[in-house]
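The transmembrane segment feature in Swiss-Prot is assigned to 33-53, 77-98, 113-133, 178-198, 226-246, 288-308, 320-340, 347-367; the stated evidence is similarity to another entry. The feature heme b b562 binding site is assigned by Swiss-Prot to His83, His182. Feature annotation from Swiss-Prot assigns heme b b566 binding site to His97, His196; the stated evidence is similarity to another entry. If you look up Swiss-Prot, you'll see His201 marked as ubiquinone binding site.
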Amino acid sequence: MTNIRKMHPLAKIINNSLIDLPAPSNISAWWNFGSLLAVCLALQILTGLFLAMHYTSDTTTAFSSVTHICRDVNYGWVIRYMHANGASMFFICLYMHVGRGLYYGSYTLTETWNIGIILLFTIMATAFMGYVLPWGQMSFWGATVITNLLSAIPYIGTNLVEWIWGGFSVDKATLTRFFAFHFILPFVVSALVMVHLLFLHETGSNNPSGVSSDSDKIPFHPYYTIKDILGALLLILILMLLVMFSPDLLGDPDNYIPANPLSTPPHIKPEWYFLFAYAILRSIPNKLGGVLALLLSILILAIIPLLHTSKQRGMMFRPISQFLFWLLVADLLALTWIGGQPVEYPFITIGQLASILYFAILLILMPIAGIIENNILKW
């Protein structure tokens, strides 16, 4: 009798995705981040659900309800800090996952890549709205500044912003709808993840060599299940170290001050994982230009497959492209640092140079490097 896991309609899908899936025999730890992202998403939905049981999305009680969670709810502080720091772990894994895709040329799987970009945008929107919910100073002013960027859209901008706010400023209506969206979007993300995997399993995974691995596949279980479990344990270890020893390390102290529309904090800045984009936004002295640059800083990923000039898929054997890739990583770290600095000399100049370099590497230098490497190899 055939095994039930291969016969049952539901078990069959799980079996073909996680058990009997033919996987390349040489995928490295950089391929762990997909499953780590799934772990992060599950953790965020679970901790978020328990937080939502105690949270109230009203301007008068939101801040107090978060305080109540931390002080009075059994292990509420653990749940709250796991959720807040879980978001940081989520974005670390996200950026590593995208970086892996860039380095090894996984963007040649265009459908998977494009769904990934949509996922990235959705997760960024979810995280932004989540940051508004505790209703501290940085929550309120972050929401005000970021939503206000939409007013740069010609003609409809102002109406659009007021429509999103549900009034003439960030207020009760804004907080309530942000909570509603913050609750629903992770489930949208889950659905998109399924589509992401559907497209991935149409082609199979890429691998570090960039060469087809059809002739050398191994079953996903037990080889990669055990590898993924090890990765997940390391992820949870790092997360719990953060939660237990320095839960506020990555947060902003201003968010422990209740939101006050009458007093602006000295430095309005988003969470650390948005600082690189915030730095690009601020480096352009024109409002609409800044907003476009902010959008393009992520949307540029969509045209990466079109800019691939090399005859090799990954960068494993392409030293010039490797140098540019790590320069890009360093540049993004510099932008992240700049995003958290005040708008004054020399930070403005450094931010502008780093922003120019970011777009130059992706749009100009990497395609040129691909052509040079082809010529060196006489291809």
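Just so you know, glycine gets a Cβ as well, placed from its N, Cα and C.
Quick caveat, the model's predicted, so the values are computed rather than measured.
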- Fewest other Cβ within 10 angstroms of its own Cβ, chosen from the binding-site residues His97, His182, His196, His201: His201
- Task: Please give the sequence-distant neighbours of the transmembrane segment (320-340): residues at least 6 beyond its ends with Cβ less than 8 Å from one of its Cβ atoms.
- Result: 99, 102-103, 267, 269-270, 272, 274-280, 282-283, 310, 347, 350-351, 354-355, 357-358, 361-362, 365-366, 369-370, 372-373
- Note on the structure: As a whole number of Å, the Cα atom of His97 (heme b b566 binding site) is distant from the Cα atom of His201 (ubiquinone binding site) by 17
- If you run the three-state DSSP split on His196 (heme b b566 binding site), which class comes out? helix
- Message: At a Cβ cut-off of 8 Å, and with pairs 6 or more apart in sequence only, do we get at least 3 pairs between the transmembrane segment (113-133) and the transmembrane segment (347-367), yes or no?
- Response: no
- Message: I'd like to know if the transmembrane segment (226-246) touches the transmembrane segment (33-53) in this structure, counting it as a touch only when three or more C-beta pairs sit under 8 Å and are separated by 6 or more positions.
- Response: yes
- Whole-Å Cα distance, His83 (heme b b562 binding site) to the residue listed as 'ubiquinone binding site', is 30
- Item | Spatial separation of His196 (heme b b566 binding site) from His182 (heme b b562 binding site) - C-alpha basis, Å | 21
